[in-house]
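So that you can see what the record holds, here are the features copied from TrEMBL:
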TRANSMEM  47-66  transmembrane segment
TRANSMEM  82-101  transmembrane segment
TRANSMEM  122-139  transmembrane segment
TRANSMEM  145-165  transmembrane segment
TRANSMEM  216-238  transmembrane segment
TRANSMEM  250-274  transmembrane segment
TRANSMEM  286-304  transmembrane segment
TRANSMEM  316-335  transmembrane segment
TRANSMEM  341-360  transmembrane segment
Amino acid sequence: MDTIINYADPVQDGYSAVDSNPLSVYVMHPFWNFVVKFLPTWLAPNLITFTGFMFLVLNFLMLAFYDCDFTASAAGHEHVPSWVWVAAGFFNFLAYTLDGVDGKQARRTNSSTPLGELFDHGLDSWACIFFVATVYSIFGRGESGVGVATLYYILWVVLFSFILSHWEKYNTGILFLPWGYDISQVTISLVYLVTAVVGVETWYQPILWSFLYRDLFTFMIIACSFTVTVPMSLYNVLKGHRSNTLKHSNLYEAFLPFLSPVLLFVLSTIWVVFSPSNILELQPRIFYLMVGTAFANVTCKLIVCQMSNTRCQALSWLLVPMTPVVLSAVTGVVANELLLLYLWTAAVILAHIHYGVSVVQQLSNHFSILAFSLKKPNSD
């Protein structure tokens, strides 16, 4: 197996994070401290993390079955059954809870490792697409819903908000957890349950004059990003610059982690704008999945770099074959654009899974641990 992690600088054993969100500090952390006491001490933290992630995947697949093209919530269409929204709310909150208790279980069992950090944040980066796509089904793409192109750009706001926190850690050595995460998880879990009770028709109604719930949904995501997440990230990095504590004082090196995400945005947006068959209207769910998975792959490589104290690579190799794929699509070289999207999405998913498995195996071997067990390798 090729070496993915460079051990020239030791992988960090310490994990430095700051969580100052009042909801998290005063409500969720006490709740998670209560929940973790009921978990058996033999239960591996990474297994908790993976289980929570799979609940989000389950939500995505469940809504894909009942609302594949995001039209089920529109007037005149067969709506998603109420029990699905109840299940979605329960699974989403369960995933959020497991994501909160995995680290506490690691400290409780004295099993904190860099593998756990990568596993947690790596799966969180992939979870962005599953979370956003599932929420989209509440409003859908109908007359009172959100257009697929608008949702595409909203997805990118969420993705860039996520990577900002890891860009901070890459430069400061400290992960400042975003405030919007906890608020959004609790809110959306409740919205799923409310939708089950009142029906999607409730979201057709304007809140005030012609201001619809879909407008509130869009406004909250964008406002949270540009008034909270971005300013706080810039403040923390500038604070480190003033105190001379940044790990990368050179401006180019400091902003290098943004190169691949920006190129991914440019490539995917070119496909959206110049698609001969209007691919985003044709199959938005698969296109979102492709973009979200490619983004997760780029982010995971950044997380590995910050863990191993190595330089972030300028270009993610996944973007190299994506360039001719996009050019083939927009120029009409490949006649069946939808088939091309399916094949490329499958390739991206397989490549990301292969990368994740390879990194987990290398870290497990390096630290002589098992990914999903607290037992030592070769022990009974």
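Each Cβ is built from the backbone N, Cα and C atoms, and glycine gets one as well.
Using a Cβ-Cβ cut-off under 8 Å and counting only residues 6 or more beyond its ends in the same chain, the transmembrane segment (316-335) has close neighbours at 260, 263-264, 267-268, 270-271, 274-276, 279, 294, 297-298, 301, 341, 344, 347-348, 351. Taking every recorded stretch in 145-165, 216-238, 286-304 and counting its Cβ pairs under 8 Å to the transmembrane segment (122-139), the highest total belongs to 286-304.
Same-chain residues lying 6+ beyond the ends of the transmembrane segment (286-304) with a Cβ under 8 Å from its Cβ atoms: 4-5, 117-118, 121-122, 125-126, 128-130, 132-133, 151-152, 155-156, 159, 162-163, 166-167, 170, 257, 260-261, 264, 268, 271-272, 279-280, 310, 312-313, 316, 318-319, 322, 341-342, 344-345, 348-349, 351-352, 355-356, 359. Outside the transmembrane segment (250-274), and at least 6 residues removed from its termini, the chain residues within Cβ reach (under 8 Å) are 149, 152, 156, 159-160, 163, 166-167, 170-171, 237, 280, 287, 290-291, 294-295, 298-299, 301-302, 305, 311-316, 319, 322-323, 326, 329-330.
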